Amino acid sequence: QECKCHGLSGSCEVKTCWWSQPDFRVIGDYLKDKYDSASEMVVEQHRESRGWVETLRPKYTFFKPPTERDLIYYESSPNFCEPNPETGSFGTRDRVCNVSSHGIDGCDLLCCGRGHNTRTEKRKEKCHCIFHWCCSR
């Protein structure tokens with residue numbers, strides 16, 4: 001909720017409030033946190049009076065069971081390291097990676113443990129520098 005005050009000289013004689021969406025970054029960070037802590041489930045079939053019923057149970061019982069607010073999954077993601085025409089993935093071979101990053105663009109993650117080649121480039125470029133005389137005597 002956001003609010004704004006109205007009045008003379010910034011006084012808050014009238015206050016108007018409205019609901020607003022959180023910052024997009026906050027929402028993204030929240031969803032990423034949920035994704036990273038998602039619980040893997042197993043589909044079990046059992047017979048009841050009305051026929052076969054499928055239920056989900058946590059794959060790993062030593063973790064606490066997921067709540068209604070947690071994300072769950074029962075199929076693993078495909079291997080994005082190798083090309084897969086079915087999913088349209090080209091794999092990660094020959095991609096440019098960032099040696100100093102530990103994020104998704106880092107070589108350890110992006111190269112899927114295959115190792116990476118490092119190339120050093122030297123470039124001569126015009127810097128478009130301009131000399132500004134700063135001071136008078």
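For all residues, glycine too, the Cβ spot is worked out from N, Cα and C.
Annotated features in Swiss-Prot:
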| type | residues | note |
| --- | --- | --- |
| DISULFID | Cys3-Cys17 | disulfide bond |
| DISULFID | Cys5-Cys12 | disulfide bond |
| LIPID | Ser9 | O-palmitoleoyl serine |
| DISULFID | Cys97-Cys112 | disulfide bond |
| CARBOHYD | Asn98 | N-linked glycosylation site |
| DISULFID | Cys134-Cys135 | disulfide bond |
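All features noted in Swiss-Prot, drawn onto the structure.
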residue : record                      : Cβ neighbours (10 Å)
Cys3    : disulfide bond              : 9
Cys5    : disulfide bond              : 11
Ser9    : O-palmitoleoyl serine       : 4
Cys12   : disulfide bond              : 10
Cys17   : disulfide bond              : 9
Cys97   : disulfide bond              : 17
Asn98   : N-linked glycosylation site : 12
Cys112  : disulfide bond              : 14
Cys134  : disulfide bond              : 5
Cys135  : disulfide bond              : 4
